[in-house]
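Structure first, commentary second.
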2 protein chains.
Amino acid sequence: MQKPSLPKGTRDFGPIQMARRNFILDTIKDTFQLFGYQQIETPAMENLSTLTGKYGDEGDQLLFKILNSGDFLKDVTFADLEKGSGGVLTKVAEKGLRYDLTVPFARYVVMNRNELVFPFKRYQIQPVWRADRPQKGRYREFYQCDADVVGTDSLVCEAEIVLMIRRVFVRLGLADYGIKINNRKILTGIAEAIGEAGKEGPLCVAIDKLDKIGWEKVQEELIQRGFGLQSIQKLSPLVSLESDLKGKVEFLKTFLKDSPTGLKGVEELEEVFGILEKMGENLDHVDFDIMLARGLSYYTGAIFEVKVYGVSIGSVSGGGRYDNLTGVFGLPGVSGVGFSFGVDRLYDVLEELQLFPSDSLNGTRLLLAYFDSKGFEYALSILNHFRKAGIKVEIYPDQAKIKKQFEFATKKEIPFVGICGDDEIATGTISIKNLITGIQENLSLEAAVSKLS
Amino acid sequence: MQKPSLPKGTRDFGPIQMARRNFILDTIKDTFQLFGYQQIETPAMENLSTLTGKYGDEGDQLLFKILNSGDFLKDVTFADLEKGSGGVLTKVAEKGLRYDLTVPFARYVVMNRNELVFPFKRYQIQPVWRADRPQKGRYREFYQCDADVVGTDSLVCEAEIVLMIRRVFVRLGLADYGIKINNRKILTGIAEAIGEAGKEGPLCVAIDKLDKIGWEKVQEELIQRGFGLQSIQKLSPLVSLESDLKGKVEFLKTFLKDSPTGLKGVEELEEVFGILEKMGENLDHVDFDIMLARGLSYYTGAIFEVKVYGVSIGSVSGGGRYDNLTGVFGLPGVSGVGFSFGVDRLYDVLEELQLFPSDSLNGTRLLLAYFDSKGFEYALSILNHFRKAGIKVEIYPDQAKIKKQFEFATKKEIPFVGICGDDEIATGTISIKNLITGIQENLSLEAAVSKLS
């Protein structure tokens, strides 16, 4: 007899976890829909030709590949075998599991470009798979939760991303957080302004580590990457700049005065703030972070990252604008902007802050309990009375001691037990016991329905 | 530049398909919850040791296997290679994609048996993968939608399955269908009664084809499977029996009088009908089908199958009771009963019968349109007015001709356009045009909100 187990880095979600995950996902979905985003789903399996080369060499290694069906070795030659796994791979696996939702979305847009209505706003909530080494908070299967709009470069989209994030956070009960925002063009401009034009790539990679390793180590890395000491010195006032949003904007207008690209970035950011103002919105939680770069190199405009303060893993959302999402599939010039919520991280944050509603299980509200077969039949006869009113109700299916039935209700977190004893049968009533307060009252069926509705 | 494509047998779901699928799934979820079922999810990947040997040889062939990460050939020897793909498989793949939701559920129950509250009612809605040859209506990735209760042999569960199916069908607008019900013990009893005791296995396999190939061909198959002519003759009155539910029960009580198992099956069925009666429910749509066997051999009690009449593929749901779901994982004696809705088939049925609600897209309700930048700013300023009231609203993000904005609304099936022109700005109002009726009216913002709520 085998003892079953789960593959490394994967998880089951039981009823309580599912109810809590659904609380998060429903909040996000509801918000996406309010802003006109429409849901799509793509298959778990994609052709490896779609996935490979999109996530860098490391990403290619982390793709889960699906073994071809049937005689998978049939096309493998001795020459392939001599090259080892790398030589054999393309002969034995044509498909892989999706690694994120962005590449499948790009493929979807390209394949459906003649039917889609642009600007196309889509959201997508599905699991992705990565053969990462599992560790705390990092899984091999996890959900992503993306919203993107493609086919427009309007900065209204950026402003609405801020609004969506704030709406989700209000509803989740999260108050202490910052929506960090920056613009890739500003980083490009900074590279120009410090005399390292065209090197915003390595600049971004190094700056991205500022939070983790500090300015000193970032300088060392910049030197290693060939930045001159003078350039780094020029960068320094930016790193240490402490100012409010308007102060930062003013500082950059001077700092970037010789970089048209940089100034364009500042202008775009100002326009986003201006749109929010025209919408009658304030800038609460919005934090212009000049050094925010994020790892992803395909951003070309706005860059977002949301951090919850006072918790162990605070980065729960991020995104940005990209100008060429679909170019790799033969459809150039499609500008888009998108962002993503990390559901697992939001889950951990809400748990750490004890913000899940106590009734988030949202399960059965009433258990009908009984002493004998007469009570059982009475319980059967009134079940539908409650269900018709939309009340989630169960009957304990086996004849058992009343104590066991109460234990069942307690363990399943059912808040009310409806007792069907001889008195209740005689009077056509039901005694409802609140398992939290311990209060029990005898009610007509109608009164019981209103009480529980 | 590569032309992207989808793997064979897989599909994307666009906004309209997703909205319709969600209409079906929400109806099912709502019903499962009303009856006290709780949601769980299990990982897409399972260890092959969990999956292999559970679905027969053919099933093992149809499992999608995941190539081990890294140097997957490292444990493969020349001796393995000489045996071909079969010899190499276990060395290069440890994991597979789930083939159904039943085996992962059994694994989950066994792994969590100390924490779960029995009887445990769970539902699970997730995709499964099978390397079947793709054909019309058969996909390599499709959703299953299962509800099971384990840890009780109470026939209340069977009765509630009938109620859940009927509730889902009412809500989907399906009226012409039958819930075929039988009991495996009756089939066992029939084998005994015709003098072929212990051969209900092959009897079921042959009888299962009755609908497809007819009685004559079934007889041929029975002969091939070693059934005697006399046995087949004894079976014949059953096959041709035309009677109502009570008539069939009476017939079987005589036919099976020497088979205690068979009589137990009839008794269980009668008890299910009795429980429905005690619940104040009728037997509408319930169809006792003595010949219903279904392919799955692990059923030990009730067997269900739901057929929608008057459509091309009518079988949309099925299930039954099993006595030893978890035995293979070392936990014997767990009785359970479950059933499953075929979401893809329900989708096709609702589409064929044109039963999807016309507003099932459930998307954006209002598009704010404008002529110039003044109108754009006015539209921005009133957006939140509608969103606060929960009305799904969008602004056309780019400055474009009003005609283009109306076309956008029409294509995206947005029913109302709110026009923000000079008059509206001057009076602080909005002109709402209903794109279906063509009627346009100038309204205060409050009136517009009530109109669209």
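Keep in mind that glycine also has a Cβ here, set from the backbone N, Cα and C atoms.
What TrEMBL annotates here:
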DOMAIN    B:1-397  domain 'Aminoacyl-transfer RNA synthetases class-II family profile'
BINDING   B:ASP100, B:LEU101, B:THR102, B:ARG130, B:GLN144, B:ASP148, B:ARG294, B:TYR298, B:TYR299  L-histidine binding site
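Feature annotations (TrEMBL) mapped to structure.
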residue  : record                   : DSSP (3 states)
B:ASP100 : L-histidine binding site : coil
B:GLN144 : L-histidine binding site : strand
B:ARG294 : L-histidine binding site : coil
B:TYR299 : L-histidine binding site : coil
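Fewest Cβ neighbours within 10 Å among the binding-site residues B:THR102, B:GLN144: this applies to B:GLN144.
Cβ-based neighbour count (10 Å, all protein chains) for B:ASP100 (L-histidine binding site) stands at 17. For the L-histidine site, whose binding residues are given in the record as B:ASP100, B:LEU101, B:THR102, B:ARG130, B:GLN144, B:ASP148, B:ARG294, B:TYR298, B:TYR299, the maximum C-alpha distance rounds to 22 Å. Across the domain 'Aminoacyl-transfer RNA synthetases class-II family profile' (B:1-397), mean pLDDT in this model comes to 93. Ranked by Cβ neighbours within 10 A across all protein chains shown, the binding-site residues B:ARG294, B:TYR299 are led by B:TYR299.
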